[in-house]
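Taken straight from Swiss-Prot:
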{"type": "BINDING", "residues": "90, 92, 94", "note": "Mg(2+) binding site"}
{"type": "BINDING", "residues": "91, 107, 114", "note": "Zn(2+) binding site"}
């Protein structure tokens, strides 16, 4: 009887990354996606540890779909690929900033960004007036 080779280890996030993440009750972290050279905010997606690992190691962004309960790699169907330039964790560990080179539309509606045309009415502040407040 011949020996079977040991199964390949299941890849995981580096411990220092996994330990720093503060996940929601579903094990997910918000991922803000930004165009690397213009700083344009493109979209918000969700990642679990495996989606983040895939994003950090493949050069392409992978999200976890909350509605479909499955992984999806941006651009596999549409061709609108997000090429990873950097990933950063915020100070609280509960959000990621994924800087990308976006090919085509980022939004499933076909627009460049998911934040087109739905601005809300606000009272705009003035940073110059902050020193005048009493």
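Glycine too: its Cβ is placed from the backbone N, Cα and C atoms.
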Rounded Cα separation (Å) that holds between residue 107 (Zn(2+) binding site) and residue 90 (Mg(2+) binding site): 23
Env. residues of Mg(2+) site, Cβ within 8 Å of mean position of 90, 92, 94 Cβ: 22, 89, 91, 93, 95
Lowest local Cβ density (other Cβ within 10 Å) among binding-site residues: 90, 92, 94: 92
Lowest local Cβ density (other Cβ within 10 Å) among binding-site residues: 91, 107, 114: 91
Secondary structure of residue 94 (Mg(2+) binding site) (DSSP, helix/strand/coil): coil
Alpha-carbon spacing, residue 94 (Mg(2+) binding site) to residue 114 (Zn(2+) binding site), which is rounded to whole Å: 21
